[in-house]
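Report on the following structure.
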Amino acid sequence: MSNPPQGSSLASPIQAAAVTGDKTTLLRLIASSPQVIDQEDQLGRTPLMYSVLGDRRSCAEALLKHGAKVNRPDRSGRTALHLAAQTGNHRLLKLLLSRKADCTHRDLCDITALHLSTRHQDTQCLVLLLKYTPPGQVDAQDQRKQTALHWSAYYNRPQHVRLLVRHGSNIGIPDTEGKIPLHWAAGHKDPEAALTVRCLFEAAPTESLLNWQDYEGRTPLHLAVGDGNQEVVRLLTSYRGCNVAPYDNLFRTPLHWAALLGHTPIAHLLLERNNSPNIPSDSQGATPLHYAAQGNCPDTVRVLLSHPSVRDEADLEGRTALMWAAGKGSDEVVRTMLELNPKLEVNRTDKYGGTALHAASLSGQITTVRILLENRAQADAVDVMKHTPLFRACEMGHREVIATLIKGGAKVHLVDKDGRSPLHWAALGGNANVCQILIENNINPDAQDYEGRTPLQCAAYGGYIGCMEVLMENKADPNIQDKNGRTALHWSCNNGYLDAVKLLLGYNAFPNQMENTEERYTPLDYALLGGHQEVIQFMLEHGALSIAAIQDIAAFKIQAVYKGHKVRRAFQERKNLLMKHEQLRKGAAAKKREGENRQKVKVGQTKGKQKDADSMERQNKSNEQIIKNEVVHEWQGEASGNAEDRKGKHREENLETNHLQHSKHMAKNQRITAQIQSSPSEHEHTNSIQIRTSPSGTSNTQSSPLGNEIPKNMYWDDNPSQKHTQTRRTSRHQMESPDVVVHRIEDLIQKESRRKSHREERKGSHRQRQSSDYRLHTSEKEASDSAIHREEEGKKKETKKGRRTVAVTPKIEACCKGGCGKLSQSEKVSLGIGIQGRVDCITSPEPCETPSRVCRERKTISAKTGQRPLTETHKPPGKACRSSSALKSSLPSHIKQTAIDSKCLDSTLSYIGFGEAIKPLFPMGILREGSFFSKWQNIDIELIPVQARLQLVEREKARKQLFQRKNHAATVIQKAWRTYWVRKSSCKTRHSRSQNNPPAMV
């Protein structure tokens, strides 16, 4: 037969037989199976333990007789002896002790059978155990460091205490709380506990035991007062060495405990036994009166106030007992205190300026508020925060208190030190009914504090839908911004209150309001930062934008507006420039008219002299015809020698006469020119370009403006008669063939006729080019770019006259088209026009620009070479000068097509210094009246300030380039800024997602 398991159920046959006392069955089971004698159940108990629990002595004896283990413990570590002592069965206890049961065995809590024996009123078990307990094991301690004496004092067993003390138990052993057996005896509520206290104190009557303090500083008197055991208190205080007012760790005395718990007789007893004139206060500065007032113990308060040493003093926070009573709603105590002391200061303030009415309003004690208002309490008393009792009531939502305070004269329009009204505090507390009461009392629903926050923003911060709805129903504006630019929608989105967001948008809250901080966040940005997905989705559905999107839209609009502004500004500047040019043109025209008037006066003075010039021209024509006829007849041999001599003499006389007249005429013109130059009034208003000729008495060579040396005989000498004589001698001894002369004369006449017809054609083409000249006049940039382009083309063009070469540089060509006013003085000198002025009639095949634009004024430039200046005597005819036929072969190909004109020839040769030198090469008939060689005349022409216009154009160009760079830089910065914030937002979003959804373990 196999053995039964050790952990069988409680209903095993042998255990059932043991607990029921069925000895027959028990013996039969033991006989059939001896192994079941110590069989354990689920609790580890054996049949012997069950026989003890069932008080079955016969079964226990049978089990012990058949070899049951007497000291075998159960699962809690207790043996059959523990169970016998716990039940108080001294017969079984004696049986077990006789079978050598261990009385010092401890269970899992270190409890012995001696500890358990103190639970019963009968002392027989304790006596048996003390008889078998060794002397040193009487004070065996359990896990709480308590001995059998502690247990006896706790269960109020005075006889057990005497037995244990008689067997040498120590009454001064503290347990884990620092309490000795006297603490446990004094803390019993039974009045008979005084006997146990007396037994313990008589065992060792010392002051140290009487005033022993546990680890919290409490003495047996504290515990006796705490349990309200008046007999024990009277007994303890009756001993001479007892301290009536000991302090615990919180500096509270037994009187504090009595006042707090409302033990009026004990408080009266302690006041009688207290020999100190002062009532001590605890660590908070509170006296027993404070605790009695807080506990609503009017009798105790009356007892305390009747003692002469008790006064209503303030605690460390400055609060009196009346404030404590008002805060707890101790109406009876308040009435008692006001009754005992009619002059009590009801409006006395604490450390923070609060009164008893503040405390009652904060806790919502409506009855106390009414009592205080009836006893002269100020309804609008303010504390250090400038809060009245109404503020406290609104914050906590006490509607009845608010109505009572308003009825008692409290003002609803006051604000605290932060500028907040009671409505702000009601909204912060989420009290919708209080908000309605305050609005009904004419308080502004849009009142702003010193930070600009409204009650609606306070309610939105907490997500209080009821308050928000009440405020907006009463016309509260949801779009009001605080000092940082935040609205109620910002706070709702920041905290993720979807219902509040829906409510605000339903009342037309602006979803894209930006704050005033550096970040300029919108409500959507706050929702994104908080990761509130539902709020984000709802805001996007209602047109919300982030600050990045708003900046993109604003940048696009700003650029469009700025471009329009730039166009308007450029148009206005161009308009101003044209108006300025028009003013300059009108001024130049006025100066021109003034010069013409002066010229008319001069022409009237020279009319008589003009007649001499006309007669001289007619004489030249006749002389030319005579020379032609003479040459023809001489080579044909038809005339005789005498006739030839007579004709030669006659011709010489005529030529000499003509040259003398011409010399006189030139001298007169030079004197007139000198007079004009010496006139200071005319010199101030006229700037004319003076053409230099070769002075008499200079060296054999003369430097031309182009840098080449020209022989002296190339200039027209100051002595025309001598020059004419030399020419006559040359023509007499070196006479060309008549065919050559006639051919040359006819060629010149044909060219003259072609020049006239070509001039008419050029006039028509010139009218067509006037529009392009006007565009050139309005666009200086094109002229400057053209000059730079010609400069880069850079190959010098050379012209030849005889064996001399004239170089035409790109700067000369630019000067010909743009005017010499665009060149500096050094450039003019280097180009050969520093003295003469312009060479555009030589280098350019195109007609010169209009006199009003280019040739309005010619300046007098003093030559540094020492040559005598002469006055220019012509105006380029027809606005387009042509090059002469004499230089046609040596000029570039694009100049060779130009027809000859005598006036243009004179002016051209005068510019380059060849006028007088090549005059004898042309017949006198070709050089008509008004040419350089026959007429001297001064003409005043006003120049347009080209350099000033160039400076304006360059300045405009630089300004446009600077703006383009700034615009490009601004675009780059905006793009970088948007990229940065997009990256930052995406990083935050990924970070939040990674925190919310951590990666799964692989």
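Quick reminder: no glycine exception, Cβ is built from N, Cα and C everywhere.
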Residues flagged as motif 'D-box 2' in Swiss-Prot, choosing from 140-148, 446-454, 851-859, 959-967: 959-967
The annotated motif 'D-box 1' range in Swiss-Prot, which must be one of 207-215, 486-494, 828-836: 486-494
Residues in the repeat 'ANK 3' (76-105) grouped by DSSP into helix, strand and remaining coil: 17 helix, 0 strand, 13 coil
Tertiary contacts of the repeat 'ANK 3' (76-105), as residues 6+ beyond its ends and Cβ separation under 8 Å: 43-44, 46, 48-49, 52-53, 55, 57, 60-61, 64, 70, 111-114, 116-117, 119-120, 122, 124-125, 128-129, 132-134, 137, 140
